[in-house]
Amino acid sequence: MVVSAHFPASINGGQRPVNGGFSGQRLRFEMRIPYLALSVIIVTQESKADLYPTNRESFGLFCSVLFCYVLLWSVCSVLFCLGPQIFGGQQFEATWVVDGYRVASASLLTRLINQVWRRHTVMGDITHQPMDQLQDLEYCIDSNPPWIETILLAFQNYILVLGTSAMIPSLLVPVMGGSDGDKARVIQTLLFVAAIKTLLQTLFGTRLPAIVGGSFAYIVPIAYIISDSSLQKIDDPHVRFIHTMRAIQGAIIVASTIQIVLGYSQVWGLFSRFFSPLGMAPVVGLVGLGLFQRGFPHLGNCVEIGLPMLLLVIGLSQYLKHVKPLKECPIFERFPVLICVSIIWLYSSILTASGAYRNSPHKTQISCRTDRANLISTAPWIMMPYPLQWGHPTFSAGHSFAMMSAVLVSMVESTAAYKAASRLAIATPPPAYVLSRGIGWQGIGVLLDGLFGTVTGSTVSVENVGLLGLTRVGSRRVVQISAGFMILFSLFGKFGAVFASIPLPIFAALYCVLFGLVGSVGLSFLQFTNMNSMRNLIITGLSLFLGISIPQFFNEYWGHGHPGLVHTHAGWFNAFLNTIFMSPPTVALIVAVFLDNTLEVEKSKKDRGMPWWVKFRTYRGDNRNEEFYTLPFNLNRFFPPT
């Protein structure tokens with residue numbers, strides 16, 4: 001910031017004194033004397049401030065110069081008032097005194113403001129070096145909180161994963177012809193299988209503290225299967241539900257082989273060699289920001305519950321995070337989900353019991369009431385999910401091809417989520433070998449989804465990744481114990497149904513915070529790139545914009561009786577393309593990776609962040625990789641990194 005001042009030569013139109021009047025040149029010279037004196041003071045203070053560059057010196061400079069300015073202003077005012085008496089009978093032209101004074105004061109103030117601004121700019125211009133690992137977390141991937149905190153944090157993760165686990169079956173099962181009892185069984189099965197997948201991933205996959213749960217990417221191909229004419233001909237709703245579930249199981253089982261092959265063959269790891277910090281920043285960013293439709297739009301369905309929840313989460317986790325009513329544990333920072341959900345859930349129960357929604361529209365009652373899910377009354381007390389519990393799967397080539405698109409999308413979304421989880425767990429970015437290993441095990445998880453019949457496939461739970469940053473706890477043990485809670489409450493259905501009946505706007509308020517946090521983690525990868533490069537600005541901006549704009553365009557043509565933007569006679573082809581282009585991270589990956597690897601690649605290696613990224617592309621490229629990603633039970637002897 002540079003301040004400049006321009007004043008007219010005289011407030012009297014530039015007229016000169018006449019008939020031997022007092023010399024304006026002399027007065028202007030004399031009025032420059034205070035300016036010169038103050039300049040000497042400023043230069044002296046500048047040299048001192050350069051030796052001791054602190055805010056105290058800047059404040060001292062400001063005060064000393066301001067004091068001298070006021071003092072000399074007083075002297076000049078006396079000169080202005082007593083001029084005629086001092087110079088006797090000579091004609092005195094006050095205009096020139098004012099002119100000289102204004103020139104001097106304007107120059108002085110300009111220099112004063114510029115100097116103080118520059119001083120404070122230098123003080124505030126602290127260079128933040130790019131950091132491989134975040135430092136603002138309490139527990140990393142290998143460190144563990146005390147056991148009581150660990151158990152409470154694990155239960156908090158379980159509560160959070162309930163949102164997606166209840167939302168997907170509630171959306172699909174009624175359309176398939178299932179009853180409330182069928183919906184409760186599907187939710188229990190989904191939680192049970194999610195626990196197994198999470199344990200496999202944290203033990204043998206990427207080993208990152210990431211929960212693997214249900215995926216919304218499978219909604220479009222599943223809707224295509226549900227609308228199959230051969231299934232719609234079945235009149236009995238329960239029979240149609242069973243046959244539709246078997247068709248979905250068969251499609252998921254076949255499609256899982258794609259992910260298993262791409263993972264264990266290291267093909268996905270080879271493809272990741274085309275990734276760079278510049279290319280992954282919009283992808284990881286949109287894995288969080290791209291889920292905006294699950295945030296405030298759902299919250300707005302019941303503002304009187306969702307908005308207090310949002311404000312309470314922000315208030316406790318951010319403004320009261322340093323309050324420690326219990327010894328050394330900052331409970332408001334560690335357990336914001338448990339505290340806020342308990343308070344707002346009780347508040348919504350009071351509203352429901354008092355009849356606040358008795359005459360409300362049906363949509364409002366579904367969103368706000370705590371007794372509309374019908375899960376508690378229909379869930380079995382004890383149920384043990386097992387493979388093929390719905391019967392033998394049925395297979396169709398068209399269904400399987402459509403489902404493969406969801407598998408590809410979930411791979412992209414999970415890759416981005418793994419990148420974010422590694423950063424929030426204070427770990428290095430997973431190398432290509434570890435990433436492929438995780439994708440392979442996730443394919444095993446999709447196979448389990450098909451065998452058990454969870455009505456959807458697998459992906460990393462983005463909201464639970466965001467919870468790592470909100471609580472500042474990236475411990476792997478916390479996530480593994482949360483898998484134990486999933487198994488426990490999926491077996492004892494009545495108890496799990498109590499928590500699954502939490503109104504959706506409460507989860508939507510949490511999503512607003514957690515999805516935004518994951519999105520900002522993705523944007524933090526830009527610190528390793530040169531964002532003063534126009535090439536990088538174009539790639540980043542175009543990837544982010546198209547990653548939001550294209551899926552939004554496709555979403556407008558899907559749902560409410562519309563088959564989607566791509567509408568040919570081949571239903572599997574329609575579902576395939578609609579699924580790909582309705583995923584923000586997938587569209588961002590296509591745009592960013594293509595542009596980043598075709599535009600001035602050789603000249604832009606440093607600008608893309610490749611010097612920082614290259615050491616994390618191989619398992620042995622960084623010594624810390626062995627600490628974070630080594631297999632347990634000394635299994636690396638039998639499965640050495642490639």
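Count begins at 1; order follows the chain as displayed.
Glycine is no exception: its Cβ is also placed from the backbone N, Cα and C atoms.
Database features, via TrEMBL:
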{"type": "TRANSMEM", "residues": "59-82", "note": "transmembrane segment"}
{"type": "TRANSMEM", "residues": "210-226", "note": "transmembrane segment"}
{"type": "TRANSMEM", "residues": "247-268", "note": "transmembrane segment"}
{"type": "TRANSMEM", "residues": "274-292", "note": "transmembrane segment"}
{"type": "TRANSMEM", "residues": "299-320", "note": "transmembrane segment"}
{"type": "TRANSMEM", "residues": "335-357", "note": "transmembrane segment"}
{"type": "TRANSMEM", "residues": "478-500", "note": "transmembrane segment"}
{"type": "TRANSMEM", "residues": "506-525", "note": "transmembrane segment"}
{"type": "TRANSMEM", "residues": "537-555", "note": "transmembrane segment"}
{"type": "TRANSMEM", "residues": "575-595", "note": "transmembrane segment"}
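Here the transmembrane segment (506-525) has Cβ contacts under 8 Å with residues 160, 162-163, 167, 277-278, 280-289, 291-292, 294-299, 301, 305-307, 309-310, 313-314, 317, 337, 340-341, 344-345, 348, 416-417, 419-420, 423-424, 462-463, 465-467, 469-470, 609 of the same chain, all six or more residues outside its ends. Scored by C-beta pairs under 8 angstroms, the transmembrane segment (210-226) has its highest count with 575-595, from the stretches 299-320, 537-555, 575-595. Taking Cβ pairs closer than 8 Å, the transmembrane segment (575-595) reaches residues 217, 220-221, 223-224, 274-275, 278-287, 289-290, 401-402, 404-406, 408-409, 412-413, 416, 538-540, 542-544, 546-548, 550-551, 554-555, 558, 564-566 in its own chain, all 6 or more past its ends.
The transmembrane segment (274-292) shares the most Cβ pairs under 8 Å with 537-555, out of the stretches 299-320, 478-500, 537-555.
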